[in-house]
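K.L.:
Below you will find the structure I want to go over with you.
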Amino acid sequence: MRWHRNPFFHTAVLPPSVAPSARQSTDLDGATAAAAAANRAAVLADDVEAIAATGPQATSSAVANVDSTPQGLLAEAAKLAVEQTHHPRLSFLARRHHEPSIPRLTILEPSDHLTPYQFFYIFIIDGMGAFILSGAINFAIAYAMYKTINSDKHPIRLFQFPNTIAGDAALTVFIQCVITWFIELILVNRDIRSGHIQPIGFIPEPANALLRWFLLLDRLPATGSSGSGNNGETSGSGSGNASGGDDEIFRPLSAPHDANCRCDKHVEPYEPGSLKHWMFFLVSQLIRALMLGVLAFLLVWGPAIGIMTAVGDHHNGDWWFDSSSWAPPIFKLIYGGVLALLTTPLFVIFWLVRCGWALQANQRHLDEVS
């Protein structure tokens, strides 16, 4: 299996050489055994055909003496299949310590509805898991910030420095959104490639240009006056005029025609794997994480600060907290946990849906080129 060279397409995109669809693969050892049987049959047929003119006796003798053992890699794979049948544990240890790992086609087809396991994966494993982990981390940080200082020398207040709870809460939103975004990008795509989770395929692609840009669905064609092959993300409504119309902009993500495909649909703005290529990818992901951080800030920061005004002591134009109070650490525990519970499932859904679109677009692309 090959993965798309563009890191924007970390979600599993199958090249045309794999299959017309992204079905889960059959057992590798079973397929190898079938290949070995086919190999033996082919060898037998060739030898029998070559000596058929010598008579029935020679033919039957050749059939009896033909070496039906598969050769080369097929021999090793067939032997591995037999070992696994009789000694599964020994075979596993041999594969683990001596045999090179063989990639399996374990990417699942996009689902046409939200499956029970997808719900469990999104909201329980990732959602509740992030709630507990993020709450614990925020509590530990808040404990170090607010419980280990002298509040007489370094007062803890809601809005004023040096120890401002409101500022801490605002910064937490953006830092946590960025970290969560990149963590889920890695974890969800790993689970998709390993076949652990099924992509979502029942949500239609949006038609709005801004949404398509945000969801990494569109890429500029490799045409332009400079001839440099720019093919990055769309930049909004203004890029349509510069590129000659919407038809040139709305190129769905799809697999390359082959490993060295450089057509206008798949050429990269920078050399794949180069520093500029990865910097462009990381910056684009950071922009999206910060944009979602703004939405999360507008949603959770105001109500959270409103609750803290009911807990602190109001005097001298601000709300004060003593270092002996557990209110700031408990606030950060709940605040960080709720923020994770709201954002993490959304980020997981983002990558599951986008992978489903990638596989569906790849299928359409295969239909076009076939």
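The backbone N, Cα and C atoms fix where each Cβ goes, and this holds for glycine too.
Please treat TrEMBL annotations as automatic predictions, because they have not gone through curation.
When I checked TrEMBL for this same protein, it listed these features:
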type: TRANSMEM; residues: 119-145; note: transmembrane segment
type: TRANSMEM; residues: 165-188; note: transmembrane segment
type: REGION; residues: 225-244; note: region 'Disordered'
type: COMPBIAS; residues: 226-243; note: compositional bias 'Gly residues'
type: TRANSMEM; residues: 286-310; note: transmembrane segment
type: TRANSMEM; residues: 330-353; note: transmembrane segment
K.L.:
Using a Cβ-Cβ cut-off of under 8 Å, list the residues of the same chain that are 6+ residues beyond the ends of the transmembrane segment (119-145) and lie near it.
P.N.:
163, 168, 172, 176, 180, 184, 191, 197, 328-341, 344-345, 348-349, 352
K.L.:
Quick test of the contact rule: Cβ under 8 Å, at least six residues beyond the ends. What residues does that give for the transmembrane segment (165-188)?
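P.N.:
For the transmembrane segment (165-188), the list is 10, 126, 130, 134, 138, 142, 145, 156-159, 197, 285-286, 288-290, 292-293, 296-297, 300-301, 304-305, 308, 321, 328, 331-332, 335-336, 339-340, 343-344, 347-348, 350-352.
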